Amino acid sequence: MNVRAKKKPQQREMASASSGPSRSLSKGGVSRRPPLARVRVAVRLRPFMDEAKEPPCVRGIDSCSLEVANWRKYQETLKYQFDAFYGEKSTQQDVYVGSVQPILRHLLEGQNASVLAYGPTGAGKTHTMLGSPEQPGVIPRALMDLLQLTREESAEGRPWDISVAMSYLEIYQEKVLDLLDPASGDLVIREDCRGNILIPGLTQKPITSFSEFEQHFLPASRNRVVGATRLNQRSSRSHAVLLVKVEQRERLTPFRQREGKLYLIDLAGSEDNRRTGNQGIRLKESGAINTSLFVLGKVVDALNQGLPRIPYRDSKLTRLLQDSLGGSAHSILIANIAPERRFYQDTISALNFTARSKEVINRPFTNESLQPHALAPVKLPQKELLGPSEAKKAKGPEEESTGSPESTAAPASASQKLSLLQKLSNMDPAMLENLLSMERLLGSQGSQGIPLLNTPKRERMVLIKTVEEKNLEIERLKMKQKELEAKVLAQEALDPKEKENTPTILQPSSSCSGSVAKPLKKAVVMPLQRIQKQSESSNKIHLLKKGHKRKLESSHESEAVEKDEDYWEIQISPELLARGRKKLLHLLNEGSARDLRSLQRIGQKKAQLIVGWRELHGPFNEVEDLEQVEGISGKQVESFLKANLLSLAASQHSGPS
């Protein structure tokens, strides 16, 4: 005894490195990248449940650290250091004020926050989150303070409309169930284009006071699945998540919208079925709980190790906690532990998980956007939405004859400015600098007219954008006309003898002249007609002559003129295709991965898949058997045949006849 009194127990530091408090978003920050915010962790030690006195296996050192007996070495203790430690005599008020209350302010800034209660079964998680009427827990205290904050913000005269809504769900045996509407069944977890996690179909109840919250929350809490085990008479058999959404809408320009979410999560405790004696449905529930908590540990380890893939999708729990761990939320993890020695292994496991969790880094940011009505597109008249030719036809004869260019140009330019206003609202400052340089250059050359920068910025950008679009449209029309002229000239340059040897069904129109009408206003393409039968030869590639009539409407004449036009189409004989298919099948069965990569639409991955399938199942009976290879679909096989049969058939023949 004297030796032990003189020799102090050795202490092993466990997770002693602690960083500073998490930083919130800085309003005047220059960098657009969200600041880092570490997951803050707290440990709460519940009192003894039994009357029998026994020495505890956990002892608090100060407000941030504790020590646990080391079962491997009797004279050593394991020391843990966290952001906060609440001992046996700590109250619900101490836990709430010390860890949870500071993060509520972030919700009014449009940021997310999460509070998770973690620990083994019977450690007091539900008591910490819910409490009792005499000692309310985190959830009722947080809702009471949050509603009070919204009332204070509204009373200060800020130009924001604030609304609060709640949702309540549980994850029971990997099923997401709505506690506010138990008849809704299993819900799915989705992710939007911005990476936000959402649950379509989840009931949302607006609340304006704490009494309204109790009216919805208390009946829903009775829908949660609980059961009795040897270690806990009211053991939670599911993970419960209370989601509180705070929406703010600005009444004045620029009509911003902010959304902050608060996740209050009561996790089910991990269980040792040898000690709990679970059987039947309890055993199945315990397996689902332990599996989800195991995946939760894998997610924390992957985040700490910086792995490229984080296994969020391996369980419904981690999928829902994707924003809380490694996401954009201010997260608080409250680990609940028991002092009894029979919970020693569970306590060590919970403390180790908590120590790893405090190294997880989140990046909170403000969820702010413009309200939908502020982004509504400007509705243009029907004539503004039509093209130049259609707009001209849409006009009446009186409107077309009496309208002046000056009167029609002004509405068109105004509508173009309005339609492009939203697209150019966030123009790059570098573009403005280029415009300033352009104006100085025009001024030095003696340019006359209205200076470019005398107009407002947004209208100036709209004008420049409109001019660029018109120039591009003119260039496209010029290129299209050149292509049409070149096509007609190439058809006229065909050998007359070849034209005579080619039988045609369509007779040339007598009214069609050899010259090309320069101003083409409208072209109507008639259905194709086949004009040459397939040759009896079965070992060649043939050119089939195709023809169609085209109506040309002259800008000077109202009558339409029909013109016969010819073009050529390739047709391959069936025997040549059969030889190409045979060669392709031989290459698929005998060729190496390098030979397969020489084919069209076959890369390194597909070549390896084909070789592997061939080694397992033997040679292909036909080319269409590629559909049986995992990773190659029927459409891919069809495009593969089209791309390779023509090239293989052409390689076996010198050319068309």
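The backbone N, Cα and C atoms fix where each Cβ goes, and this holds for glycine too.
So that you can see what the record holds, here are the features copied from Swiss-Prot:
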REGION    1-33  region 'Disordered'
COMPBIAS  16-33  compositional bias 'Low complexity'
DOMAIN    38-360  domain 'Kinesin motor'
BINDING   G119, P120, T121, G122, A123, G124, K125, T126  ATP binding site
REGION    388-415  region 'Disordered'
COMPBIAS  402-415  compositional bias 'Low complexity'
MOD_RES   S404  phosphoserine
MOD_RES   S419  phosphoserine
MOD_RES   S444  phosphoserine
CROSSLNK  K457  SUMO2 cross-link
COILED    457-502  coiled coil
MOD_RES   S537  phosphoserine
MOD_RES   S554  phosphoserine
MOD_RES   S573  phosphoserine
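One way to see the shell of the ATP site is to take the Cβ centroid of G119, P120, T121, G122, A123, G124, K125, T126; the remaining same-chain residues with a Cβ within 8 Å of it are R46, N232, G269, N336, A338. Following the DSSP three-state reduction, the secondary structure of T121 (ATP binding site) is coil. A gap of 78 Å separates the Cα atoms of T126 (ATP binding site) and S573 (phosphoserine). Ranked by how many other Cβ atoms sit within 10 Å of their Cβ, the recorded positions T121, T126, S573 place S573 at the bottom.
It is G119 that, of the binding-site residues G119, P120, G122, G124, has its Cβ surrounded by the most other Cβ atoms within 10 Å. Cα separation, G119 (ATP binding site) to S573 (phosphoserine), rounded: 75 Å. Applying an 8 A CB threshold to same-chain residues 6+ apart, the list for K125 (ATP binding site) reads A117, Y118, G119, S236, D266, L267, G269, N336. Geometry remark: P120 (ATP binding site) versus S573 (phosphoserine), CA distance 75 Å. Under a cutoff of 8 A between CB atoms, and with a sequence separation of 6+ in the same chain, the neighbours of A123 (ATP binding site) are R46, G269, N336, I337, A338, F343, D346, A350.
If you measure from the Cα atom of G124 (ATP binding site) to that of S573 (phosphoserine), you get 81 Å.
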